[in-house]
């Protein structure tokens, strides 16, 4: 390529799990708008905790949206993973150069990566050979301050777009602490902490006397490592965990090959 | 323990994603009934493709079920992952010794592990330190022949229950080829193949002229390895892939630590 030839603008697919009207996706669109051609395909309603669900038994709808000024956008009746799939096949008619998901209202560190619709959308993109990043802010509230999160999202997307030797399956789980920007100490590459929820279902009775349950639980960190996302966030770092869709437990595979004779 | 003391019967939690009335779960209950005290907690309707979804914004119901003669059973209005969580907290009031999920009507090899409600239920158990196995038969039909699958399920569960040094996070993804039992060559410990769906949405118009979409796709195997689950199944082996919930991509983590300076 000659020095004067204009580099083609990268196509950036934006999605989330809180729905197309959530403030978090607005912040993400603002953060990446200047970095390429942005197209939004996001759920038409909140889809938190949907994990890697896909819609098999029901039809899907797509609707053009004016939620973002000057940005092509669509809402989809399906899950976050459906959004990525349908965006590639029916809207972009090609793979985008990168897919970003979020900014999620609430943490997706440690085991949350597995329940999170935000991260499942990013992981789906990486399965489809589209480098991807999921962003989450450690603040669940609807009026959370996304300014620092937006800045870090922009920095990390730029880093990814300028990387020459990019793994096409690269997928990053980025969490941003809910503190003022000046208190954030920097960005840390981490591993997923072994931390989980200790479930406790809240048992109630409906007006007809029939029992029903709400899923609740306490978050417990069993992992004392200083190389984890939970540690980084507690110490005011932005945590970046590279994630993968090969779930094979290779260590256990080796053990079983030796020990289990059938 | 003295030689004469009776060993306590293990508690076996059974779940699935095809719903409590599917023939596959009936076959699994039959396969493990003689191996311990069996308790079934399964979705009240089909939940295929639900991945690791959990129910956050809606209440959950539990209903006692007579679907299995002489076996304590409950249907739950939630996802397969919800079933495991609520079984531990509200029905068993303890962790079972093992959780088995399936037998799924249809394959859950390769990337399917990530979309599968059957495997997500098993993975949830392993997150909760309950050794678990998901079973799937490569036959989608409602009247599939589960006899060989049931026999292999029984063999593998017995193996697991008799293992002395059991990893409490052990989780196995077991797929059984849809062939006559005498044609099955044995059991193979494998890794997850890199194989995925090439999506194609089927676009239609409703009676009011509005577009809608069905998710469809073609399964493509990009992985030529002979150590994969896809290879094993194609060659009439039962495939066993040990899976894990730590999604950290450690290789990429190391690369980013060296290359990405923030």
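Any Cβ shown, glycine's included, is placed from N, Cα and C.
DSSP gives residue B:18 (divalent metal cation binding site) a coil state; it is part of no helix or strand. With a cut-off of 8 Å between CB atoms and residues at least 6 apart in sequence, the same chain places B:24, B:25, B:46, B:47, B:48, B:104, B:105, B:118 near residue B:18 (divalent metal cation binding site), listed in sequence order. The divalent metal cation binding site feature in TrEMBL is assigned to B:17, B:18, B:48, B:104.
If you look up TrEMBL, you'll see B:12-198 marked as domain 'Survival protein SurE-like phosphatase/nucleotidase'.
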Cβ under 8 Å to chain A, applied to binding-site residues B:18, B:48, B:104: B:48
For residue B:17 (divalent metal cation binding site), nearby residues of its own chain (Cβ under 8 Å, 6 or more apart in sequence): B:43, B:46, B:47, B:48, B:50, B:80, B:101, B:104, B:116, B:117, B:118, B:120, B:121
Cβ-based neighbourhood (8 Å from the centroid) of the divalent metal cation site, residues B:17, B:18, B:48, B:104 excluded: B:16, B:19, B:22, B:24, B:46, B:47, B:80, B:102, B:105, B:106, B:116, B:117, B:118
Across the domain 'Survival protein SurE-like phosphatase/nucleotidase' (B:12-198), average pLDDT on the 0 to 100 scale: 96
Site of maximum Cβ density within 10 Å, from binding-site residues B:48, B:104: B:104
